[in-house]
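*Asks:* Pulled from TrEMBL, these are the listed features:
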- 21-164: domain 'Orc1-like AAA ATPase' (DOMAIN)
- 213-280: domain 'ORC5 lid' (DOMAIN)
- 312-441: domain 'Origin recognition complex subunit 5 C-terminal' (DOMAIN)
Amino acid sequence: MTALLQHPGYDEEKLRRVAEQLPCREVQAGLLLSLMGEPQQYSYPSIFIYGHRASGKSHVLHVLLKELELHHATVSCVECVSVALLFEQVLLSFFGCDAASLLPRSPSLSDFVRIYRQQRSQSPAKQTRYLVMEKAELLRDSDANLLPALLRLQELVEDNVTVILLSEIVWDKFRPNTGCFEPLLLHFPDYSKGELQQILSQDRHPSYSAEFYSSYINILLGVFYSVCRDLRELRHLAALNFSKFCEPLEEGKVKETDTHKLWRNIEPHLKKAMQTVYLREVSSLQWEQMQLMEEKEAGALRGLSAHTHVELPFYSKFLLIAAYLASYNPARTDKRFFLKHHGKIRKTNFLKKNEKTSNHLLGPKPFPLDRLLAIFYSVVDSRVAPTASIFSQISSLVTLQLLTQVSHDDQLDAPKYKCAVSLDFICAISRTVNFDIVKYLYDFL
């Protein structure tokens, strides 16, 4: 591991510490170290590092700069909402608060270069200064001359300074139409499954063996790797669900080697967690409390996940039921289900050739607003006036993504919707209002 980071300009002990902190990123660290060169030498003016989120770009760079004790300034383009803040942050990090105070109220690029040159002449660099720009893709929205100037900052200020841009998008999306100085490109690929296994296994709990925690990470990656490659998200999920994985072990029901029983215990909890990957709708403590509550309660909504379990007003539940019936029942069957004294109408009498396939397999179909309201007034127990409250609840269901508006926003006279919930969800909602929805579904006649 250390052999990949050998460099004549740096102490071997420091390089060994760097290598220990960068598992599975030794190749990229070695390439970056080669591009940076020895501290006293002039480095390349600008380096562009790109890769997906949580691929180790910032971590590798910051470990190198910190452990090798290189003079650097880190600027977040998210925090520096204006050019003035960016210039102030750079001068403050390199030369101190006195230099930053020399900037005028609305500094231009020439003001920044002039003050930088003055400070550089007073305190010349003994080694390369590194300016790290995080979230560099935001520079594309700033002044047109800022990005080209940063790429050739070494030439403008006549100093041994290297600008390192960190971004999640490729350089082709940055390149200005007028042309600019081309930086050196360094790509950080995504972690493979084996690399994620190796990195996450290092976070093992001290109370358990390394083999036990490694088997847990293997199970976790088997569930989540197909939908999530983000190291930070996977690390969060591993910490969140580990206590549930250890429950049978703490109760003395299984041994550490009984992987099959441990998997059967954790499987339903991992499937619930998969529905909220990246969302972070609740904190870790709230998630654990919700898991405990679900184990204790035996209500009608027990089968629903934390993401789909929502509390709705009384009439909103009937609106959602009406929307589901309108999406999955053919329009010509409304008379059969919702009209009194409709007579006996058998399914075979109005079954068309193209309706032999189940509507639930074909998916929800769009329906107009007037059909939704007609079904709603038929299924609701009491008489309800068509007030603004009812229409606002329809908008709330769209906002909650339980309904989807398929017509254009400017189509105000007859908007169309589709129901976006599953059969299990609508059955659970129906049970809370004592409505047997299966009796009104055409597919279950």
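Just so you know, glycine gets a Cβ as well, placed from its N, Cα and C.
Because TrEMBL annotations are produced automatically, they should be read as predictions rather than curated entries.
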*Asks:* Which residue counts does DSSP yield for the domain 'Orc1-like AAA ATPase' (21-164) in the helix, strand and coil classes, in that order?
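*Replies:* Per-class counts: 71 helix, 20 strand, 53 coil.
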*Asks:* Under the DSSP assignment, what numbers of helix, strand and coil residues are found in the domain 'ORC5 lid' (213-280)?
*Replies:* 48 helix, 0 strand, 20 coil
*Asks:* Could you pull the average pLDDT for the domain 'Origin recognition complex subunit 5 C-terminal' (312-441)?
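*Replies:* PLDDT averaged over the stretch: 80.
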